[in-house]
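K.L.:
What TrEMBL lists as domain '1-deoxy-D-xylulose 5-phosphate reductoisomerase N-terminal' is 4-132. Sequence annotations record features per position, and here TrEMBL assigns NADPH binding site to Thr10, Gly11, Ser12, Ile13, Asn124, Glu126, Gly210. The 1-deoxy-D-xylulose 5-phosphate binding site feature in TrEMBL is assigned to Lys125, Ser151, Glu152, Ser181, His204, Ser217, Asn222, Lys223, Glu226. The feature domain '1-deoxy-D-xylulose 5-phosphate reductoisomerase C-terminal' is assigned by TrEMBL to 146-234. The feature Mn(2+) binding site is assigned by TrEMBL to Asp150, Glu152, Glu226. Residues or ranges marked as domain 'DXP reductoisomerase C-terminal' in TrEMBL: 266-382.
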Amino acid sequence: MQYITILGATGSIGVSTLDVLARHPEQYSVYALSAHTRVAELAAQCLQFRPQRAVVATADAALELTRLLRGQGVDTQVEYGEAALCAIASAPQVTGVMAAIVGAAGLAPTLAAARAGKKVLLANKEALVMSGQLFIDAVHDNGAVLLPIDSEHNAIFQCMPHAHGRAPGAAGVAKIVLTASGGPFLTRDVETLDKVTPDQACKHPTWAMGRKISVDSATMMNKGLEVIEAHWLFGAPAEQIEVLIHPQSVIHSMVSYIDGSVLAQLGNPDMRTPIAHALAYPQRIASGVAQLDLAQVATLQFERPDFRRFPCLALAFDALRAGGTAPALLNAANEVAVQAFLDEQIGFRQIDRVIAHVIETVPHGAASSIEAVMEQDRLARAAAHAYIAQRLAA
Ligand code: NDP
Ligand code: MG
């Protein structure tokens with residue numbers, strides 16, 4: 001029996017993970033679940049999966065969850081706060097941790113899971129983008145196993161399983177090709193992009209996801225973060241990572257080898273496939289996803305990304321090349337800008353301007369410790385908020 005903690009159980013990835021786990025009750029038991037604000041949804045999950053522990057953000061939310069659970073006769077232990085998140089990620093009974101909190105808030109518990117030597121199923125790409133080598137070192141130093149959930153990285157992992165943790169050059173890899181749908185604004189007139197609403201930006205053509213990553217897909221910052229994620233997961237330099245637009249989202253990514261071979265992983269765009277893959281690795285389990293019907297898909301298209309349409313992608317490549325804490329600055333500025341866009345404080349085309357401003361004005365340094373990274377995260381957020389406030393006042 002494997003005992004699984006899901007950090008961010010009420011989100012898109014969390015719900016998909018529970019869907020897969022529910023299909024295999026003889027193999028997996030839910031040890032703990034966490035949510036931030038959606039307490040009623042978490043209560044319903046606890047009723048169905050009967051975890052030993054559940055974690056929410058505040059004391060009030062914990063009281064509310066306890067009231068809901070006791071009313072249903074569920075005796076799950078309720079806790080709150082970041083220390084409790086770290087505790088459910090590192091408890092001795094836990095075998096696997098699904099890291100599916102969105103944004104920098106997921107760094108501490110995800111790192112706690114790595115330091116406790118767990119099998120870490122990584123959806124929370126922001127945590128790895130921020131902490132980079134520090135996170136990879138925590139994995140290696142503590143005998144943790146890091147398995148990518150992000151569909152592109154899971155695809156790459158499947159196309160070069162033996163290169164896990166080694167430089168791709170060693171495995172004869174010439175290039176990693178990250179595919180991208182291009183999001184909802186791939187063909188929209190660039191001049192009209194400042195008029196788009198949060199709901200339009202969140203209407204992804206092929207994937208159903210949380211709102212933050214949906215906006216990231218529309219700006220292609222999501223692909224930028226994924227380039228940095230691929231760098232750390234597979235040890236590939238920026239020059240060996242290529243982005244290719246593929247609107248159908250059927251090929252989830254590819255690896256080109258020096259002999260001319262290109263390996264790709266294909267599937268319907270449904271996150272239950274990479275989730276099931278990582279949960280069962282190196283075995284395979286059913287995920288509930290329908291078999292891919294290529295005759296039905298009929299056409300697969302590809303094109304190179306236009307960096308002028310998607311300046312966030314260029315900013316991410318620049319941050320990766322700059323190194324140190326530059327990716328942490330990029331990530332923090334992006335989180336603030338995306339939230340301001342979702343709150344209708346700034347327009348869509350201002351997202352990249354906020355990020356560029358933060359990167360230009362906050363000096364980056366060496367990513368020498370998690371504390372140094374968190375300090376840069378704090379400085380970047382302050383600079384982004386100040387810039388947005390100034391624009392609003394103008
Ligand atoms: P959602 O917004 O749907 O879910 C986020 C989860 O994190 C929720 O459970 C939420 O709780 C919780 N949460 C939010 N803020 C905090 C916080 N400050 N502290 C603790 N918990 C918090 O996001 P997704 O599931 O879409 O994405 C999760 C992660 O997975 C992201 O890093 C994303 O980039 C990555 N990912 C997602 C994919 C997808 O298909 N959705 C694909 C590839 C990667 P509550 O519900 O209570 O607010
Ligand atoms: Mg992805």
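Even glycines carry a Cβ here, placed using N, Cα and C.
Unlike curated entries, TrEMBL annotations are predicted automatically.
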K.L.:
Using other CB atoms within 10 angstroms as the count, which residue among the binding-site residues Lys125, His204 scores least?
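P.N.:
Counting other Cβ atoms within 10 Å of each of the binding-site residues Lys125, His204, the minimum falls on His204.
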K.L.:
For ligand 2, list the binding-site residues among Gly11, Lys125, Glu126, Asp150, Glu152 whose CB atom is within a distance below 6 Å of it, in sequence order.
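P.N.:
Listed by sequence, the hits are Asp150, Glu152.
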K.L.:
Can you figure out which of Thr10, Gly11, His204, Gly210, Asn222 (the binding-site residues) comes closest in space to Asp150 (Mn(2+) binding site), comparing Cα atoms?
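P.N.:
Going through Thr10, Gly11, His204, Gly210, Asn222 one by one, the closest to Asp150 (Mn(2+) binding site) is Asn222.
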K.L.:
Please check the binding-site residues Ser12, Ile13, Lys125, His204, Glu226 against ligand 1 and give me the ones with CB under 6 A, sequence order.
P.N.:
Ser12, Ile13, Lys125
K.L.:
Going by C-alpha distance, which of the binding-site residues Lys125, Glu152, His204, Asn222, Glu226 is nearest to Thr10 (NADPH binding site)?
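P.N.:
The answer is Lys125.
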K.L.:
Using C-alpha atoms only, work out the spacing between Glu126 (NADPH binding site) and His204 (1-deoxy-D-xylulose 5-phosphate binding site) and round it to an integer in Å.
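P.N.:
Between the alpha carbons of Glu126 (NADPH binding site) and His204 (1-deoxy-D-xylulose 5-phosphate binding site) there are 20 Å.
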K.L.:
State the Cα to Cα distance, in Å, between Glu226 (1-deoxy-D-xylulose 5-phosphate binding site) and Gly11 (NADPH binding site), rounded to an integer.
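P.N.:
On Cα coordinates alone, these residues lie 19 Å apart.
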K.L.:
Using the structure shown, find which entry in Thr10, Asn124 (the binding-site residues) has the sparsest Cβ neighbourhood within 10 Å.
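P.N.:
Lowest Cβ count within 10 Å among the binding-site residues (Thr10, Asn124) is Thr10.
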K.L.:
Which has the fewest other Cβ atoms within 10 Å: Gly11, Gly210, the binding-site residues listed?
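P.N.:
Comparing Cβ neighbour counts within 10 Å for the binding-site residues Gly11, Gly210 gives Gly210.
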K.L.:
Per residue, counting other C-beta atoms within 10 angstroms of the C-beta, which of the binding-site residues Ser12, Asn222 reaches the highest number?
P.N.:
Asn222
K.L.:
As a quick check of your reading of DSSP, tell me how many residues in the domain '1-deoxy-D-xylulose 5-phosphate reductoisomerase C-terminal' (146-234) are helical, how many are strand and how many are coil.
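P.N.:
Summed over the domain '1-deoxy-D-xylulose 5-phosphate reductoisomerase C-terminal' (146-234), the classes give 49 helix, 11 strand, 29 coil.
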K.L.:
Tell me the coarse DSSP state (helix, strand, coil) of Lys125 (1-deoxy-D-xylulose 5-phosphate binding site).
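P.N.:
DSSP call for Lys125 (1-deoxy-D-xylulose 5-phosphate binding site): helix.
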